[in-house]
Amino acid sequence: MNAIAILLDMSRGIGVFDPIQATIPEWAAIVVALVTQLGDIWFLAVLLGVLYWRRPCERGEVLVVAGLGLAGFALITTLKYTFALPRPAHALVELEMLSPTVRPLYEFTGTASGYGFPSGHALVTTVVYGSLAARLSLWTLRRRLLAAGTLVTVVCLSRVALGVHFVVDVVAGIGVGLAFLLAVMRLPAGYPDDEQTVVFAVAAALSVAAVIASSATLDSILVLFGSLGAVVGWRLVGRERLAAVPESR
């Protein structure tokens with residue numbers, strides 16, 4: 001563990017688990033676990049799929065966001081295995097205290113394993129919701145930014161409340177996500193006729209780093225193949241189909 005990781009590990013215990021968890025009754029634990037799904041990969045994938053289907057005039061923008069999401073997932077995988085810092089031991093509720101009917105759902109949605117720093121939910125939701133707010137034309141920009149900020153905040157609070165992250169984990173995740181957006185969102189703007197290729201290529205490059213950092217875990221390999229498949233699929237088929245959609249960008 002390098003010096004930075006050691007310092008982070010020493011300071012991560014500074015948090016507000018007790019004040020947050022004390023306000024949540026036992027019966028509401030499953031609600032918090034379901035709320036945190038707003039930042040889960042499956043939910044974000046479904047959301048982008050629905051937006052792609054329902055907003056044909058902005059399918060190009062949705063694909064850019066999807067590429068940024070893949071890149072964000074690859075980035076968080078690299079960072080987690082680089083720092084290799086554990087999660088806290090502050091569970092909101094013990095599984096044994098839940099009813100047998102609720103326990104499997106809570107175990108699936110409200111628990112987490114693996115490394116804890118930075119928060120993947122915080123980083124990826126910042127990237128996905130932030131880029132959706134920046135690129136879609138739905139509502140006004142102010143309303144989109146407010147909605148994105150609210151969703152990211154709710155997801156991050158739920159992660160701390162569930163006891164799967166320290167406060168510093170989610171703060172770092174948001175910070176890295178914002179820095180990533182500021183750095184990467186300028187790249188597609190330089191290639192207005194093929195923004196999707198740029199973001200998919202960035203995702204593929206970061207996925208290679210994730211595979212190396214994680215010693216080729218299944219998640220890192222899946223995101224690498226997903227990114228490479230997106231690049232190839234877009235170049236072979238996607239551009240022509242998108243060009244056939246009226247008023248697509």
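Keep in mind that glycine also has a Cβ here, set from the backbone N, Cα and C atoms.
Here TrEMBL flags 63-185 as domain 'Phosphatidic acid phosphatase type 2/haloperoxidase'.
The transmembrane segment annotation in TrEMBL covers 27-50 (among others).
What TrEMBL records for 62-83 (among others) is transmembrane segment. Note on the transmembrane segment (62-83): residues 4-5, 8, 41, 44, 48, 51-52, 55, 114-118, 120, 123-124, 126-128, 131-132, 135-136, 173, 176-177, 180-181, 184-185, 188, 195-196, 198-200, 202-203, 206-207, 209-210, 213-215, 217, 219-220, 223-224, 226-227, 230, 234, 238, 242 of its chain, located 6 or more positions outside it, place their CB under 8 angstroms from a CB of the stretch.
Beyond the ends of the transmembrane segment (115-133), by six or more residues, the same chain brings 8, 12, 36, 38-41, 44, 47-48, 51, 64-65, 68-69, 71-73, 75-77, 79-81, 83-88, 141, 144-145, 147-148, 151-152, 155-156, 159, 164-166, 168-174, 176-178, 180-181, 185 to within a C-beta distance below 8 angstroms of the stretch. Summarising the annotation, TrEMBL assigns transmembrane segment to 115-133 (among others).
Residues 8, 11-12, 14-15, 68, 71-72, 75-76, 79, 116-127, 130-131, 134, 152, 156, 159-160, 199, 202 of the same chain lie 6+ residues outside the transmembrane segment (168-185) yet bring a C-beta within less than 8 angstroms of a C-beta in it. Annotated transmembrane segment per TrEMBL: 168-185 (among others), in sequence order.
As annotated by TrEMBL, transmembrane segment applies to 197-214 (among others). Non-local neighbours of the transmembrane segment (197-214) in the same chain are 64, 67-68, 70-71, 74-75, 77-78, 80-82, 184, 187-188, 190-191, 220-221, 223-224, 226-228, 230-231, 234-235; each lies 6+ residues outside the stretch with a CB under 8 Å from one of its CB atoms.
Positions annotated as transmembrane segment by TrEMBL: 220-237 (among others).
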Close approaches to the transmembrane segment (220-237) from elsewhere in its chain (Cβ under 8 angstroms; 6 or more beyond its ends): 63, 66-67, 70-71, 73-74, 77, 196-197, 200-201, 203-204, 206-208, 210-211, 213-214
